[in-house]
Every structure is written in structure tokens, then in C-alpha cells.
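> I'd like to ask some things about the structure below.
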Amino acid sequence: MDAMKYNDLRDFLTLLEQQGELKRITLPVDPHLEITEIADRTLRAGGPALLFENPKGYSMPVLCNLFGTPKRVAMGMGQEDVSTLREVGKLLAFLKEPEPPKGFRDLFDKLPQFKQVLNMPTKRLRGAPCQQKIVSGDDVDLNRIPIMTCWPEDAAPLITWGLTVTRGPHKERQNLGIYRQQLIGKNKLIMRWLSHRGGALDYQEWCAAHPGERFPVSVALGADPATILGAVTPVPDTLSEYAFAGLLRGTKTEVVKCISNDLEVPASAEIVLEGYIDPGEMAPEGPYGDHTGYYNEVDNFPVFTVTHITQREDAIYHSTYTGRPPDEPAVLGVALNEVFVPILQKQFPEIVDFYLPPEGCSYRLAVVTIKKQYAGHAKRVMMGVWSFLRQFMYTKFVIVCDDDVNARDWNDVIWAITTRMDPARDTVLVENTPIDYLDFASPVSGLGSKMGLDATNKWPGETQREWGRPIKKDPDVVAHIDAIWDELAIFNNGKSA
């Protein structure tokens, strides 16, 4: 897996600009609603990343729509295009369940993968670009950062692309997670992490081990693309996000110890927020427009107090918006879909394709095609999708079809559902399962049901009826009509519609 090399975000932006994938906006634009409107129109048109050089009221530029096309996601992962992301998935599948070499020849075949693993440890620096400027104490003022307000009814400006760094009291490895953070004061943010996410689990363990003590937290903004994407990729639990970023980049991830705590942050990050969460300090978060296309409920979450802001000279603020698909998370979902396929295929070799339609909010509906081998096979695959990767814990609907169906073509999928399913026999309902807290359709917050649809051809044991045979054209007739098609001139110019 030959990687394209980027040392930091600025390196990546230079390459994007050279390829016409970055547009600098010099006209003054307001971070309050206006940047979202421009970024949304640009993303829907498949346009470039946007660097707003003169956000109204601020001296710091805003970067938006960085991963607004699958191509730029692939480039951020060090690949030339989306098709090569399957190689990233194969590497992750190998790392999730590595197989020892079966012999001398197999050792040489696996050597490239083992070489990549050697790049995994981080490299700690004594000084780093992210600490070129430091403010602390009363000088900390988050209002100097052009934090966007994305939608008219949003409660306040919202940090969206922060990489939150935490470590549990009994863990050697840090956790990187992306959690939105509402601005509520010059040095205060609300940390919206759900109870099952890595950062929240680290916090819960800390509170149990150190009752009443402050929990150290750091947030990196504008890290290099490999590190950013490492935080949203299905990395095996035994592998750190920094290590995975090193694999993508082909070089060890450079980190630096924070000024005020022992956490390590990306050395090249544009901005780092350092601080703590005081157990018991909570605040109501929201409402905010989110990736479902709705405003979510207000709920209480911990307050993150920022004690230090470190940053690069001429720092860039990296941001995004979330709304009804397509948005940037939906585009990331389309690209990362290619990463998921080899991981699932390693566990379930019968899977031919796996697709998360972006209009299904990136993860709420999955279509799987399989080479069916026995009665009940589709139901086994449904259960596997829900349980194998935690990324699909919140997938509400799983549709399983045969391999003669194109998982990415709704015409095919709907045809299979309507012709191969009996609703009572082929629908699986599972109650009281984990559901996204943002899913207001569930009867209880965080707990709801799932539906599996078996749209495969039915085998003996699944039906007593004679099963229909799909209509197929005679290939000889098709070839003959192809040969005389132009002579027919049905469409005047002789070309088929």
C-alpha cells in the first residue's frame, strides 16, 4: 500500500491547491451561518475544500469542506482514489486478526504488512509547531477562534472537528475521539460524548479511580489528515489511532506532551486546547442541527474547562457542519464504506458487497449482498453486521440480498425486496438494542429496535413454493440486435437511449 506523504495539514492543503482541490475565499464571510451556506452549496456540487481567509470579526482563517468529496478522503488516507481504500481495509482486517505466516514463502508475502506495522509507534518531540504560541489562565479566550454557528436554531457556536485526547487511569494507550463541543464561556465548552464512546469510558473509569479529582483532557484542531481520519476509521481496539495514522502516512506519528498534562497531541496540530473536566460540573447541551437533518434534544453533558491554548503561528481553524445528507460526515461514510468491506469479508467471506447509503444518515441502513449457501444464511449475516464492528451498533436496518443484486442500485434492491420477501417470514425484529441518542424516533433515548430484511432467494426449508427464475435475455439475440441497431435508427441518430 504505497502512501502519498503529508507531514501536516498545511502540506495537504498545498497539494490540494496544486490539484485544483482547494479554493481560497478572500471575501469577508461570517462564521455565523454564512460559511455553512457556502460550504453546503459547494459540497453538493462536488466542489473544492474552502479556506476562508477573512472570516468577519476574526484574524484566523477557517478551513471547511476538507473531506467534502470521496477523492479527498482517499487522498487524506494517502491513496490516489477511492478504489484503493479497499487496500486500507485489507490492512485493517489483517491487523484485527493477524494470521501467522504458514511457511517461508508466506512470510515473504506478508512482509510488506509486517513492515508497515513497524511504523506504528509514535515519535515524541520535545518542541513542536503546535506550541509556537501559548496562552493560559485569564488570557484564554475561545471567542478569538472563529467557531462556526451552523444553523439558525443552534444554541451557540460549536466546535465540530476537534480530536479529543483522553487516557483512562488503567490504560497505557490514549483514546482519540471526535465529539462536538458547545461554546458556553471564554474558557468553557460542553463535551458531548455518549456514554459508550472511548472518551466517556475513560472519564467514567477516572471518576471511579479518582473520586472528585479533575480529569485531564486535550483537544487538537487541525491535525494532519491521516490523524484526523484515523479517529473516524474502524481501528481495531488493540491499535491506537496514532499508530494507524502512522500506517496511512508511512511514517511515525509525531506527538508532543501537553504543557499542562501528560497527554500527547499531534505535534503539527494548528491549535490545541488543554484543560480538565471537573466531576459533577454539567451543563445542558443543544439543541443543534445534526447529521439526521433535524435539531436534537437538549441533554446534560460534562463541562470542559480550558486552561491553556497552544497554537502554530498563523493558525488555521478547521471546521465543518452537519445536516441532512449529503454533508461531510456522509461523504466520509461513502469513502469509509470501501474500508469496511474487506474487514467484513475476512469474518464473513460470503459477503460480496456492503453499502451504507448516504441518504440513510451514513450508518442507519446497510445493504449487504452475499453468496447464499444455506437456509437461514441471510439472518446469520444480519446478526454479524450488528455485532462484529461497533461502528454498526446503531444500524437500524440491514437488507440482505443475493449476489445478482447490485447493493448500490436502489432499483435492484427494491426489486429484490418486493419479489423475494414475505413480510412475516423474512422480516427480523430485534428489540431493546443500542440506538443512537440522536435518534428521536426510538421510544427510549439510546435504546430501540432493529429490523433485518431477508431479500434473498429462498431455499428448501424456507419455502414450500416453486421459486421464480429471473428472466434472462438470449445472448445470441442480444448480439444480433447490437449488430443491426444503428440500421434501425429508432432514435434518429442511431444511438440507444
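Placement of Cβ uses the backbone N, Cα and C atoms for every residue, glycine included.
Checked Swiss-Prot, it gives:
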ACT_SITE  D290  active site, proton donor
BINDING   N175, E241  Mn(2+) binding site
BINDING   I178, Y179, R180, R192, W193, L194, R197, G198  prenylated FMN binding site
> What Cα-Cα separation, expressed in whole Å, is found between R180 (prenylated FMN binding site) and E241 (Mn(2+) binding site)?
18
> Measuring Cα to Cα, tell me the gap between I178 (prenylated FMN binding site) and E241 (Mn(2+) binding site) in whole angstrom.
12
> Just jot down the residues in the same chain as N175 (Mn(2+) binding site), at least 6 apart in sequence, with C-beta under 8 A of its C-beta; none if empty.
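For N175 (Mn(2+) binding site), the qualifying residues are V165, T166, R167, G168, G198, G199, L201, D202, E241.
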> Taking DSSP three-state, what's G198 (prenylated FMN binding site) in: helix, strand or coil?
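Once the DSSP labels are grouped into three classes, G198 (prenylated FMN binding site) ends up as helix.
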> Check the recorded positions E241, D290 for other C-beta atoms within 10 angstroms of each C-beta and report the one with the most.
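That would be E241, with the most Cβ atoms nearby.
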> Considering all pairs of residues in I178, Y179, R180, R192, W193, L194, R197, G198, annotated in the record as contacting prenylated FMN, what is the maximal C-alpha distance expressed in whole angstrom?
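Comparing all Cα pairs, the maximum is 14 Å.
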> Using a Cβ-Cβ cut-off under 8 angstroms and a sequence gap of six or more, which residues of the chain neighbour W193 (prenylated FMN binding site)?
T164, G177, Y179, G199, A200, Y203, F301, P302
